[in-house]
Amino acid sequence: MTDEREMGGPIRVGVLGARGRMGAEVCKAVDAAADTTLVAAVDQGDELAAVADAGAQVVVDFTTPGVVMDNLRWCIEQGIHAVVGTTGFTEQRLDQVRDWLAGKPGVGVVIAPNFGIGAVLMMQFAARAARHFESVEIIEQHHPRKLDAPSGTATHTARLIAAARAEAGLGPVPDATADEVAGARGADIDGVRVHAVRATGLVAHQEVLFGTTGETLTIRHDSYDRVSFMPGVLVAVRAVGNRPGLTVGLDPLLD
Ligand SMILES: NC(=O)C1=CN([C@@H]2O[C@H](COP(=O)(O)OP(=O)(O)OC[C@H]3O[C@@H](n4cnc5c(N)ncnc54)[C@H](OP(=O)(O)O)[C@@H]3O)[C@@H](O)[C@H]2O)C=CC1
Ligand SMILES: O=C(O)C1=N[C@H](C(=O)O)C[C@H](O)C1
């Protein structure tokens, strides 16, 4: 395994899911940046080995929750750092990745539910606000070709809010609903209701609605274009070779 400093040139990047909406944008961004170079673009049906054969130092994965774990295990085995935007990472999956990494010291993996800088800040602001409001709901809105619901960002936000509420000693969110049509109150993620909207014309959007006596606070983020994720992806590509082990979220890379 090598990193940019050892090679002395641009970081050699392989993209998995390269023909997808995000993967195609990542290929363009990696090509355009002076300090990164695209050496492999792999999609469904292609051999992962192409990435190793091309000497990739970092893999960027925007595939599907169904295949990302196999991809990640392979990258770690090969000693290739990985930046992962694909969703579906439960605590159990994160622990599995930590286990694989324990056998490969020096390999870095960054997994982030959202690479948009504004989205990262939205999650931070929501976590900060959480302790001050008895009510909270999350409304995420995405394009209708998205495979998963609720979004990885909404799930992550709900977990952050739940942790902040627990730390502040807040009880359950008040809700007297007794007679509910299935799904009407959204999904329950760690006690936080999450509503998923899908509509043509949307890209990726999220509102966190807080309420307390006499006031509400809405924190909203909108990605209107997938280029919004690219600065964050490049930050992670540049950092991952110097961050052995697992990093979850972009936050530690932005400090
Ligand atoms: N963290 C973040 O900031 C963001 C995360 N995402 C997440 O990224 C993921 C991808 O999103 P999006 O680009 O919209 O989805 P797409 O469906 O457009 O792209 C996924 C691509 O991966 C391909 N693929 C499937 N299996 C494999 C495999 N085994 N090896 C290589 N490629 C494979 C798909 O091929 P085929 O279509 O033939 O199956 C497709 O081209 C989702 O989980 C999404 O939620 C999205 C945006 C931002
Ligand atoms: O599929 C998408 O488009 C997105 N997926 C990520 C998620 O599930 O949170 C990030 C962003 O919301 C776009």
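The backbone N, Cα and C atoms fix where each Cβ goes, glycine too.
TrEMBL annotations: computationally assigned, not manually curated.
In the record from TrEMBL, residues G17, A18, R19, G20, R21, M22, G85, T86, T87, A112, P113, N114, F115 bind NAD(+); the candidate from D43, D46, D53, D175 listed for the same site is D43. Counted over all residue pairs in G17, A18, R19, G20, R21, M22, D43, G85, T86, T87, A112, P113, N114, F115, the record's binders of NAD(+), the longest Cα to Cα distance measures 21 angstrom. By a simple count of nearby Cβ atoms, those within 10 Å, the most crowded of the binding-site residues G17, G152 is G17. Among the binding-site residues R19, A112, N114, the residues whose Cβ sits under 6 Å from any atom of ligand 2 are N114. A 10 Å cutoff on Cβ-Cβ distances gives R19 (NAD(+) binding site) a total of 14 other Cβ atoms nearby, all chains included. Only N114, in sequence order, out of the recorded positions N114, H142, H143, T153 have a CB under 6 Å from ligand 1.
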